[in-house]
Structure formats: C-alpha cells, structure tokens
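Q: This is the feature table in TrEMBL:
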- 12-34: transmembrane segment (TRANSMEM)
- 55-76: transmembrane segment (TRANSMEM)
- 88-106: transmembrane segment (TRANSMEM)
- 147-165: transmembrane segment (TRANSMEM)
- 177-197: transmembrane segment (TRANSMEM)
- 209-233: transmembrane segment (TRANSMEM)
- 239-258: transmembrane segment (TRANSMEM)
- 279-296: transmembrane segment (TRANSMEM)
- 308-336: transmembrane segment (TRANSMEM)
Amino acid sequence: MDLNALLQAFTPSWTSVVMLVVFFTYLAIAGSILPGRVVPGATLADGTRLHYRCNGLLSLLLLVCLLGISGWMNLVSPTAIADRGLELLSTTLIFSALVTFLLYMAGCRSRDQSSSLKPHISGNLIHDWWFGIQLNPQFIGIDLKFYFVRAGMMGWLLINLSVLAKCILETNLSRSMILYQLFCVLYILDYFFYEEYMTSTWDIIAERLGFMLVFGDLVWIPFTFSIQGWWLLNNEVQLTTAAIIANCLVFLIGYLVFRGANKQKHVFKKNPKALIWGRPPKVIGGKLLASGYWGIARHSNYLGDLLLALSFSLPCGISSPVPYFYPIYLFILLIWRERRDEARCAQKYKEIWAEYKKEVPWRILPYVY
C-alpha cells in the first residue's frame, strides 16, 4: 500500500462517523433500559457510593444478535468493520480527543465538591488533560468511565467478529484463527459475566477520567488487542496439535490465575470473612488480604493477565513480532502500573503496607522481588 492509499484509508468518512454514533447510542440506550443487577461501587472519600447497572452481557448478546439478523437480511455487511478498520481507528481517535477536551472544560468549570465531580487541577495542562480532572464525570445520568470501558470491550469483540466474517468469505479460515477467536470470545464473555468485579478495580475507584482512560478504552483496547486477528487474516499459520494443546494450557492457567485473583479480591471487599480456598482469610492490619493468590504474590492478577495476553498471540506462531505487540505492551504497562500501585498503597496504608510486604514479598510473579 503506497502512502496516498494509506492516507486515504486513514481518512475518516461520514460512514465511519455514523457507525460510531449508532454504536455509542445503542450502548447508552441498552445500558439504561435493559435489566441488570445494580451493584454499589466503592465508598468514596465523602462517604457516597455510585451504583452501576451491570447489564453488559445482555447488551452485548442483544447487539450481536441484532447485527447477525441485519447481516442475514443484507441490511448491513458483516465485514463492514474489517473493511473500514483504519478509517474507524482515525475516527475513534478524533472522537476520543474531542471527548477529552469536553471533559477537561467541564471539569475546570465544575464547582461541585463531591468526590466524584470535584475538580483536581494541578496547574499543569498536559498532566490534567492526560490524567483527567474529575473522578466520575457523568453525561445524562451515564457514568462515562464505566460506559467507555464497556464500549472498548464490546468494540474489540465486534472487530474480531468482522475479521472472522471476512476470513470466512475469503475462504482462508485456519485453526490459528479459530483458536485466537475462541480465546478472545471466552475472555470477553467472561469479562461481562463478571462485570460487577470491574467496579472494584483501580481504574474505576481511583483514576480520574482523562485522555489516558478515554483513549485506552475506546482506541487502544479494541484496535490494538485485535492486531492478532488482522495479522492472521493476511498470514497463514499452521499449528501442530502439540502447539494447540500448549496454547490452550497457557490460556487456561492464565484464566484461572486472572479470574481467581480478581474474584478473591472482589469477594473480600464485599465480605472480609468469606472463606478463601476453604480457609478463613489472613488479613494484615484488618485491611489487606494475604490469602489465596494474594498470599502468593502482590498483584498476582497481573500474571494471569499476561498469560492470557500471550495466549492470544501464540496462535500466530513465531515468524513475526507483530502479533506479540499486545503482550509486550501489556507487560510494560503492568510493570508501570504495579509501581504506581505500590507507591499509592505505601502512602495510603503506611505501616500496614510495610507489614504486608514482609508477609508477601513477591511481586506479580512468585519468587520475584
């Protein structure tokens, strides 16, 4: 592809704008009216708690069904996203920048003193734009932080399904593509099945909403996490039976550690006396869990996340580093995030954190300081 063709592929069109508007409008309506469990969020500094309607799985299944029926009736093309990948990427990037600008302006003008909407202005324009000013900004009653991460995860699946449809129509469906798609579908469906666990993650309870999260949710998650699918669409990989079995084991171990660790943390926050692996939990200073996965290594859920990311790339073989962009990026991100989490926890829990570090000295990976 020459430069002119590449620039043309990246140029947004009204079609891509309409596709995004329809997608975001559907999520706003479905998220507001479809039934779902209402889950209380973490208690904020002022004692208030947000409540989240966790109907993401129903919203996703309904959306996929509607798109499937529309494709069967020739109302939409199942390969529409795959055919306009770069165009949708640039359109979503522009939308993310616009949203961040509006969030920044609204935050600067806010006089609300609640924990959710109180503006935190450092005076450094780039810092405030990147990390955000308000903790939980809303629009027409929709919590934008929770809404955007839901959009990113659903967008990832829709891109993958469109790539899969294009692969089938071009009659080049391989075992590698099937394996990659299967792992991603299981991961995304699991995410929405346990969507309420998202309400206790650091992004939701502590990070303010700025370009870092908006771009990460709307652009980074769907368009970079799907790189393996795009690569397999244009490259043939033949996996041996042994390689398939090994890949499945990596996915299974990663899932057990990732989901198990996150579930233990979430349950502990809801009920500090709940049994973990059949035993009463060990708690440091009455606040920090040191049992189960959290007694093996600090941030052990990151290890599971890294193994899952690796399992998404292994179906692509080892002939190119391109499909391994996601696990490499995630490794760098989680190391950086782990350092930030450690610093924040040390500041928040002080001597309790020091005691916890003595009890659980390993970081992410057991036997690694």
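Each Cβ is built from the backbone N, Cα and C atoms, and glycine gets one as well.
Please treat TrEMBL annotations as automatic predictions, because they have not gone through curation.
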Q: Taking contact to mean three or more C-beta pairs under 8 angstroms, with sequence separation of 6 or more, is the transmembrane segment (12-34) in contact with the transmembrane segment (88-106)?
A: yes
Q: For the transmembrane segment (308-336), give me same-chain residues lying six or more residues beyond its boundaries with a C-beta closer than 8 angstroms to one of its C-beta atoms, as numbers and ranges.
A: 175-177, 179-180, 183-184, 187, 224-225, 227-228, 231-232, 235, 237, 239, 243, 246-247, 250-251, 254-255, 258, 299, 302, 364
Q: At a threshold of under 8 Å on Cβ distances, which of 55-76, 147-165, 239-258 pairs most often with the transmembrane segment (209-233)?
A: 147-165
Q: Considering only Cβ pairs under 8 Å, which range in 88-106, 147-165, 239-258 makes the most contacts with the transmembrane segment (55-76)?
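A: It is 147-165 that shares the most Cβ pairs under 8 Å with the transmembrane segment (55-76).
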Q: State the residues, same chain only, that lie 6 or more residues beyond the ends of the transmembrane segment (147-165) and have a CB under 8 A from a CB inside it; answer 'none' if no residue qualifies.
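A: Hits for the transmembrane segment (147-165): 23-24, 27-28, 31, 56, 59-60, 63-64, 67, 71, 78-82, 85, 173, 177, 181, 184-185, 188, 191-192, 195, 198, 203, 209, 213-214, 216-218, 220-223, 225-226, 229-230, 233.
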Q: Under an 8 Å Cβ to Cβ limit, what residues of the same chain, 6 or more beyond the ends of the transmembrane segment (239-258), are close to it?
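A: Same-chain contacts beyond the ends: 175-176, 179, 183, 186-187, 190, 293, 300-301, 303-311, 314-315, 317.
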